[in-house]
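Undergrad: One structure coming up, written as structure tokens, with questions to follow.
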Amino acid sequence: MDIKSALARIVGHLDLSTEEMRDVMRQIMTGQCSEAQIGAFLMGMRMKSESIDEIVGAVSVMRELADKVELKSLDGVVDIVGTGGDGANIFNVSTASAFVLAAAGCTVAKHGNRAVSGKSGSADLLEAAGIYLNLTPTQVARCIDSLGIGFMFAQSHHSAMKHAAGPRRELGLRTLFNMLGPLTNPAGVKHQVVGVFAQALCRPLAEVLQRLGSKHVLVVHSKDGLDEFSLAAPTFVAELKNDEITEYWVEPEDLGMKSQSLHGLAVDNPQASLELIRDALGRRKTENGQKAAEMIVLNAGAALYAADHAMTLAQGVELAHDVLHTGLAWEKLQELGAFTAVFKVENEA
């Protein structure tokens, strides 16, 4: 199916099949469509609402065209990632949590990008921390094999996305592509915590990941609007495990945590996020640092469970708490900075 035929279908509020969506996405991602066609397609899909078949088709093409990171094994390899777009401008919880996971002995293949709507994306934060981002897939794999953690900078692995960049920027609205980032990890992880910008997406994206072969995934959105587990409100979870999807609400108290406001956790820039994380993973000298630590524990705990490193969510949170208080997570971040500095010298020689 070509994009003109797809547009005619979408205008009539009719869904595309998975194979038809694959055809259209290949045309978009290989530069065969005009910017006007891409913009119209993205807006039409948004107004119609993307079906599970369509998202599966789009994700499969993005995965197919990605510059992949080849790991020795995917057993228990985990990613913790959000769509962004929640408007809260909270510090980089998922990225901080990734270092707690690595310090706990998990293997982490973290996928992320620069901020689109927020103040600090995962790439912005890591750059502020002195971590070199422009790695080859082989170099990322070496980070993961050696340290138990590596960062895949989305724009380095999904170069075909450049064809949609102009229309996305000019539209300035959330589109299908906002959903695709967390679903297109270049290492092909089967274990994830995926935060989304709307509760209505939790079940559908869990179904998409089920269709694409994921093993244990939590797709989450909190009642106060975050694309992660919140300290201040219940969080809705669609969990894929043993090829079945269950849906439930989780309150901080269910996991041995105390509910509290998120006041003091918003940041204006990557440096502010880094300073808060440094305090949270270190000596927690400030009230905000202590609160940030608890937010990290909550989300890292969920990812330990998704990685099957813990038997239950509550056990994952308990383990994350113990690991965070060792100070090893901050050491892991510094190790990644030193390790990638060597690659920077190699790449720029």
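Any Cβ shown, glycine's included, is placed from N, Cα and C.
From Swiss-Prot, for reference:
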- Gly82, 85-86, 92-95, 110-118, Ser122: 5-phospho-alpha-D-ribose 1-diphosphate binding site (BINDING)
- Gly82, Asn113: anthranilate 1 binding site (BINDING)
- Ser94, Glu228: Mg(2+) 1 binding site (BINDING)
- Arg168: anthranilate 2 binding site (BINDING)
- Asp227, Glu228: Mg(2+) 2 binding site (BINDING)
Undergrad: Do you know offhand how many angstrom separate Glu228 (Mg(2+) 1 binding site) and Ala115 (5-phospho-alpha-D-ribose 1-diphosphate binding site) by C-alpha?
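TA: Between the Cα atoms of Glu228 (Mg(2+) 1 binding site) and Ala115 (5-phospho-alpha-D-ribose 1-diphosphate binding site), the distance comes to 16 Å.
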Undergrad: Could you list the residues of the same chain, at least six apart in sequence, whose Cβ is under 8 A from the Cβ of Arg168 (anthranilate 2 binding site)?
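TA: Those within reach of Arg168 (anthranilate 2 binding site), by Cβ under 8 Å and sequence separation of 6 or more, are Leu42, Thr175, Phe177.
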Undergrad: Tell me, by DSSP, whether Gly112 (5-phospho-alpha-D-ribose 1-diphosphate binding site) is helix, strand or coil?
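TA: Looking at the DSSP assignment, Gly112 (5-phospho-alpha-D-ribose 1-diphosphate binding site) belongs to a strand.
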Undergrad: Calculate the distance in Å between the alpha carbons (Cα) of Gly82 (5-phospho-alpha-D-ribose 1-diphosphate binding site) and Asn113 (anthranilate 1 binding site), and round it to a whole number.
TA: 10
Undergrad: By a simple count of other Cβ atoms within 10 Å, which of Asn92, Ser94, Thr95, Asn113, the binding-site residues in the record, is least packed?
TA: Asn113
Undergrad: Reduced to three states, what secondary structure does DSSP give Gly82 (5-phospho-alpha-D-ribose 1-diphosphate binding site)?
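TA: In the DSSP reduction, Gly82 (5-phospho-alpha-D-ribose 1-diphosphate binding site) maps to strand.
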Undergrad: Rank the binding-site residues Asp227, Glu228 by the number of other Cβ atoms within 10 Å of each Cβ, and give the residue at the low end.
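TA: Relative to the other binding-site residues in Asp227, Glu228, Glu228 has the fewest Cβ atoms within 10 Å.
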Undergrad: Would you count the other CB atoms within 10 A of the CB of Gly112 (5-phospho-alpha-D-ribose 1-diphosphate binding site), including those on all shown protein chains?
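TA: Excluding its own Cβ, the number within 10 Å is 28.
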Undergrad: Cβ distance under 8 Å to Ala115 (5-phospho-alpha-D-ribose 1-diphosphate binding site), same chain, sequence separation 6 or more: which residues?
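TA: Long-range Cβ contacts: Gly84, Gly121, Asp124.
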Undergrad: By a simple count, how many Cβ atoms lie within 10 Å of the Cβ of Gly82 (5-phospho-alpha-D-ribose 1-diphosphate binding site), its own Cβ left out?
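TA: By my count, 27.
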Undergrad: Using DSSP and collapsing to three states, where does Glu228 (Mg(2+) 1 binding site) fall: helix, strand or coil?
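TA: Looking at the DSSP assignment, Glu228 (Mg(2+) 1 binding site) belongs to neither helix nor strand, so coil.
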Undergrad: Could you tell me the C-alpha distance between Asn113 (anthranilate 1 binding site) and Thr95 (5-phospho-alpha-D-ribose 1-diphosphate binding site) in angstrom, no decimals?
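TA: For Asn113 (anthranilate 1 binding site) versus Thr95 (5-phospho-alpha-D-ribose 1-diphosphate binding site), the Cα atoms are 11 Å apart.
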